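S.K.: Right, I'll just put the structure down here and ask away after.
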Amino acid sequence: MEIILFLTMMVMITYVFSGYLYRVALVQSSRVDLIFTRFENMCFKIIGTDLEHMSAKTYVKHFLAFNGFMGFITFVLLIVQQWLFLNPNHNLNQSIDLAFNTAISFLTNSNLQHYNGESDVTYLTQMIVMTYLMFTSSASGYAVCIAMLRRLTGLTNIIGNFYQDIVRFIVRVLLPLSCLISILLMTQGVPQTLHANLMIRTLSGHIQHIAFGPIASLESIKHLGTNGGGFLAGNSATPFENPNIWSNFIEMGSMMLLPMSMLFLFGRMLSRHGKRVHRHALILFVAMFFIFIAILTLTMWSEYRGNPILANLGIYGPNMEGKEVRFGAGLSALFTVITTAFTTGSVNNMHDSLTPLGGLGPMVLMMLNVVFGGEGVGLMNLLIYVLLTVFICSLMVGKTPEYLNMPIGAREMKCIVLVFLIHPILILVFSALAFMIPGASESITNPSFHGISQVMYEMTSAAANNGSGFEGLKDDTTFWNISTGIIMLLSRYIPIILQLMIASSLVNKKSYHQDKYTIAIDKPYFGVSLIVFIVLLSGLTFIPVLLLGPIGEFLTLK
């Protein structure tokens, strides 16, 4: 009952919050201008931008240059961190390959962590590298999505200014909400301090070091920005990051807030005036929510069913291996599905200990990579499936392939197919390399089907820019650091470039008349068609390898 109430409340909150995002996205005046405008102007002066409207090509260039500069600075800081200040625990520099992986991971909003948060980063790099990139990577994804939506919806004839979009989103959305969430988490017991690790004497007389630090400030943007990288190695399974059931709901709600609001924002932009949400966006929302609930149901059923091997021994009950007692199987399964659907990657239980079908659910969500998804890019990925569905359905019934009165031609379809293929190609090719390259497979700690699942999950998480993992995998090696770094880099930037190209290409040949020979995209059957095509296309791509992994493991457990 508490899960139903929570999900219902989040739908209502995101619907209302999308109205505020609408004013932020379209640079409309609001009551908070007096508070934020001066700070924004100061940021614009520091950046040196004159807020001129950019072409699509210029927008992408600045997006890539901004991200490239941040990535370089991050890499340098990680390989020299031991000689910098705010290092009371005397942590050492990261190796070149680990720093490469870490920098790309946080730059691309993935937060895949091959390092140990307690010993491999300092307080300085936690704050000015990890936390900073959590803000900017999230805002970058939002900015390119808003640029795409402005062109597709035809609300304006401009794409906008990259620096204006990113600064407004950080100042008006991320910073205020992060401060609020940090305070809420601190009230629940999440620490925020710059003191060195606690050193205590245990009952047995031994000395134990307890790691903590500025956790609350990172924890807030970690979930709000769908980042996922934990301050501690145990992530949100540790009491310092996620002390109780209330902090658990705060973190889950933070993950869902902005991606769900973005879909409603799209609907408000389609309705022109922003006071209501267009039916097309509502159809998309219901379709994605249906897939979300279906995967959640499968995961919860599997986790509550428990391990059949233990049942044969007379031990019944839910699967509690790798789970925190304070959350139980239900809230652990909900957190797992939310963190993979919204591509956050934080965990409040160990995914490597999930039942086979319990692990299948989050893996499928990352393979689909469209069920709400991360900040901005999730909606962009969904729109690729929407365009693909419109094109196929139109040809099947002999109608003109058009989306929002824009004809979909051969040029757009080539880009759409490329975007669709990048994701599975990266996952499948690099998974195969993990078994072929000498030494790479030595990181696998489980035999047979589960070992394949470990590899598939790691590569899928990197390709989906998620960051969670089956942490039984010993992934801090040169192969895994470099390979997943390359995957995260390619899967983030190539689709974004192609998606903006698609939007610009469609707008450049826009027809402003309503063609009666096009399919209706605001009817329930379009939502059903979208679900069918998502399942069919992804199923045909990934079912063979899933049979070798979680499905095969499920069939062998008796």
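Numbering starts at 1 and runs along the chain as it is shown here.
Note that Cβ sites are derived from N, Cα and C of the backbone, with glycine treated the same way.
Source: prediction; values computed, not measured.
The annotation transmembrane segment is assigned in Swiss-Prot to 1-21, 66-86, 127-147, 166-186, 245-265, 281-301, 327-347, 354-374, 377-397, 416-436, 482-502, 531-551.
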S.K.: Mind pulling out the one from 66-86, 166-186, 245-265, 377-397, 531-551 with the most Cβ pairs under 8 angstroms to the transmembrane segment (1-21)?
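M.R.: Answer is 245-265, with the largest number of Cβ pairs below 8 Å.
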S.K.: Among the recorded stretches 127-147, 354-374, 377-397, 482-502, 531-551, which has the greatest number of Cβ pairs closer than 8 Å to the transmembrane segment (327-347)?
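M.R.: Per the Cβ count, the answer is 354-374.
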S.K.: Looking at 66-86, 354-374, 377-397, 416-436, 482-502, which one has the highest count of Cβ pairs under 8 angstroms to the transmembrane segment (531-551)?
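M.R.: So the stretch in question is 354-374.
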S.K.: Would the transmembrane segment (377-397) count as touching the transmembrane segment (66-86), if touching means at least three Cβ pairs under 8 Å and pairs must be 6 or more apart in sequence?
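M.R.: These two segments do not touch.
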S.K.: Who are the chain neighbours of the transmembrane segment (416-436) in space, where the CB to CB distance is under 8 Å and they lie at least 6 residues beyond its ends?
M.R.: 367, 369, 381, 384-385, 387-388, 391, 455-456, 459-460, 462-464, 479-480, 483-484, 486-487, 490-491, 494-495, 498-499, 502, 537, 541-542, 545
S.K.: Between the stretches 66-86, 127-147, 354-374, which wins on the count of C-beta pairs under 8 angstroms to the transmembrane segment (482-502)?
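M.R.: The stretch with the most contacts is 127-147.
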S.K.: Are there residues at least six beyond either end of the transmembrane segment (354-374) with Cβ under 8 Å to its Cβ atoms? List them, or say none.
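M.R.: Same-chain contacts beyond the flanks: 109, 138, 141, 226, 256, 259-260, 263, 288, 291-292, 295-296, 298-299, 301-303, 305-307, 319, 322, 333, 336-337, 339-344, 381-382, 384-385, 423-424, 427, 449-450, 453, 456-457, 460-461, 463-466, 468, 470, 534, 538, 541-542, 546, 549-551, 553-554, 557.
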